[in-house]
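Features as listed in TrEMBL:
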ACT_SITE  48  active site
ACT_SITE  51  active site, nucleophile
SITE      236  site 'Linear diubiquitin binding'
ACT_SITE  261  active site
């Protein structure tokens, strides 16, 4: 099974998927038509509760031209040790491949995943030709073991970001609005609960919820722009995570029909590029 299917014409895809004359089908077709003003093709993302990670990371890597600053920092790979030394509860972290293994034993493995993320990002960003870059991304997303290790790294970065935001808020600093919403949920009133009830389940029994898309964007320091097709003709049709992005954050674009599964638009139309 391919993680990221080969590209197909966006309107061909839409006509195949949405044939009927129901209001929902009509709205989807209008939504796809709007996307087709900007992008020529679509690539389907495998749906297994990791699709938001898969779509975002694939888009980020396929347009990467340099290593983000946060990946260059000396302390980056020391995160698991440094967080574990402060927060004993992180020992309850669940690794996808090894459910039931204690975090005390796996901080080295998370460190390896972070090193892998840095290495892959660096290698792909150094490839100059767009075709070769695309091939390298396709290759990476065919390697299941590496792919899931990268998602484990992303989850851990989300936890780290959540802890930073939570502590900033507690010490009276300004935090983005989504951070309040994240910790206003009964199931995640603090980072420990967020890990136990949400992050540990991503990829197993659920995907990313809306508020967690914000957290992913902050962890990567990327703006995630999403065409939400079922919201066509409302002001939520194109949603940005975060909605007040930093100007220097790169932008990746995803498509969703239901806020649960994400695909990716590719090949920007010429006029759009100008």
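Glycine too: its Cβ is placed from the backbone N, Cα and C atoms.
Any TrEMBL annotation is an automated prediction that lacks curation.
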Surrounding CB atoms that lie within 10 Å of the CB of residue 51 (active site, nucleophile), all protein chains: 23
Nearest of the active-site residues (48, 51, 261) to residue 236 (site 'Linear diubiquitin binding') - Cα to Cα: 261
Fewest-neighbour residue among recorded positions, criterion Cβ within 10 Å, set 48, 236: 236
Those residues of the chain, 6+ apart, with a Cβ under 8 Å from that of residue 261 (active site): 45, 47, 51, 207
